[in-house]
C-alpha cells in the first residue's frame with residue numbers, strides 16, 4: 001500500500017475507532033446475541049454509503065466536502081441541510097469527548113482543584129479545561145499527513161483497550177460468567193442497540209476530507225474496506241468480551257465495570273482517556289475548514305494566524321458546552337439515533353439517487369439503497385424516541 005494511502009487509512013481507522021468501543025457490550029446486552037448480526041449489517045450499510053459519497057464526489061471536480069455533495073444534489077437547501085446535520089454531529093461528538101475526559105479524570109483524581117487569583121476550578125470542570133489545553137495544539141495541524149501520526153496513536157489505543165479487557169477476564173480473575181448471556185434477542189432493546197452501533201461508524205463527515213487528501217483516489221474504496229473490516233472485528237471482539245464478562249450487568253462504558261485495583265483495568269482506563277484526545281482534531285477539522293472558507297483572510301496573507309484563531313475559538317466553544325451540559329451518555333445516545341443515522345445512511349443515499357437518478361441504477365443497487373433507507377428511517381424514528389424518553 002502506498003505511503004499516502006496508508007496515512008489516509010490510518011486517519012480513516014481513527015475516524016471509525018472511538019469511544020463507541022466502550023458502549024458495544026452494553027448495546028449487545030440491550031439487543032441480545034442476534035444483534036451482533038445487526039452490527040455487521042450496520043457496518044456493511046455504512047461502508048456502502050461511504051462508497052456512494054465517493055461516487056458523488058467524482059460527479060464534479062468542484063466537490064470537496066460533504067456539504068458540496070448536498071448542494072450538487074439539492075441546491076442551496078441541500079447544502080444547508082447536510083451542513084446542519086454534519087457539523088452539529090461533529091460538534092456534539094467533540095463536546096462529548098471533553099465530557100468523557102472530565103468524568104473519567106475526576107474519578108481517577110477526586111478532589112482536584114486549581115485556584116488562580118479569584119478563579120477556582122475543581123472536579124470535572126477543571127479536567128475539561130485541562131484536556132482542552134492539551135487538544136488545542138493538535139487542531140492547528142492542517143496537514144492530514146501529519147495528523148496521521150496522531151491518528152496512529154488513537155488506533156493503537158483502541159486495540160490496547162480490547163486487549164486489556166481480555167487480560168482482565170482471562171488473567172485477572174473476572175472470568176466469562178456474566179449473567180444473562182444466553183438471551184438471543186431483545187426486541188425492546190433493539191432501538192438502543194442499533195443507535196449505539198450506528199454511532200460507532202459515524203466517520204462519514206470526514207470521508208470527503210480524506211478522499212480529497214489522497215493522491216491516488218482510486219485506492220479509496222480499498223482503503224475504506226480495510227477500515228470497516230478492522231474496526232468491525234475490534235467492535236465485535238469488545239462486544240462479546242464485555243457481555244460474556246458482565247452479562248446484563250454491563251454498564252454503558254465497560255471500563256466502569258472493571259476492578260479498579262487491577263493493572264489491566266488501569267491500563268484500559270488510562271488508554272480510554274487517550275483515545276478522545278487523539279481523535280478530537282480529526283473530528284473538528286471539517287468544521288474548522290468550513291469556517292475558514294467563509295473568512296476571506298484565510299486565503300491570503302495571515303492565513304496561518306486565521307486558521308489557528310478559528311480552531312482555538314472552536315475548542316473554547318466546545319469547552320463552554322461541555323461545562324454547561326455534562327451528560328455524556330444521554331448526549332451520545334441522541335447523536336447516534338438522530339444525527340449519525342441521517343449523516344451516515346439517509347443523506348448519502350438521497351444525494352446519490354438525486355445526482356445519478358434512479359433509472360441509471362442496477363436492480364441490486366436499487367435494492368441496497370432502498371434497504372438502507374428503510375433501516376435508517378426505522379432507527380431514526382424509534383432510536384430518537386427511546387433516547388429522548390430516557391433523557392426525560
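Any Cβ shown, glycine's included, is placed from N, Cα and C.
Residues or ranges marked as domain 'Amino acid transporter transmembrane' by TrEMBL: 6-386.
Here TrEMBL flags 12-28 (among others) as transmembrane segment.
Residues or ranges marked as transmembrane segment in TrEMBL: 34-54 (among others).
Residues annotated as transmembrane segment in TrEMBL: 80-100 (among others).
Through the fold, the transmembrane segment (112-135) approaches residues 98-99, 101-103, 105-106, 277, 280-281, 315-316, 318-319, 322-323, 326 of its own chain, all at least 6 residues removed from its boundaries and within a Cβ separation under 8 Å. TrEMBL lists 112-135 (among others) with the feature transmembrane segment.
What TrEMBL lists as transmembrane segment is 147-170 (among others).
Under the heading transmembrane segment, TrEMBL lists 190-211 (among others).
If you look up TrEMBL, you'll see 223-247 (among others) marked as transmembrane segment.
The transmembrane segment annotation in TrEMBL covers 303-325 (among others).
Panel annotation: around the transmembrane segment (331-355), residues 19, 23, 45-46, 49-50, 52-53, 55-56, 59, 66, 69-70, 72-74, 78, 81-82, 85-86, 88-89, 92-93, 95-96, 99, 191-192, 195-196, 198-199, 201-205, 325, 361, 369, 372-373, 375-377, 379-380, 383-384, 386-388, 390-391 of the same chain, lying at least six beyond its termini, place a Cβ under 8 Å from a Cβ of the stretch. For 331-355 (among others), the entry in TrEMBL reads transmembrane segment.
The transmembrane segment annotation in TrEMBL covers 367-388 (among others).
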Mark yes when the transmembrane segment (303-325) and the transmembrane segment (34-54) have three or more Cβ pairs under 8 Å (sequence separation 6 or more) and no when they do not.
no
Excluding the flanking five residues on each side, which residues at least 6 beyond the ends of the transmembrane segment (80-100) place their CB within less than 8 Å of a CB in that stretch?
18-19, 66-67, 69-71, 74, 124, 128, 131-132, 202, 204-205, 272, 276-277, 279-280, 283-284, 286-287, 290, 318-319, 321-322, 325-328, 331-332, 335, 339-340, 342-343, 347, 351
What parts of the chain pack near the transmembrane segment (223-247), using Cβ distances under 8 Å and only residues at least 6 beyond its ends?
5, 8-9, 12-13, 15-17, 20-22, 24-29, 36, 39-40, 43-44, 46-47, 50-51, 54, 158-159, 161-162, 165-166, 168-169, 174-176, 178-181, 200-201, 203, 207, 214, 254, 257
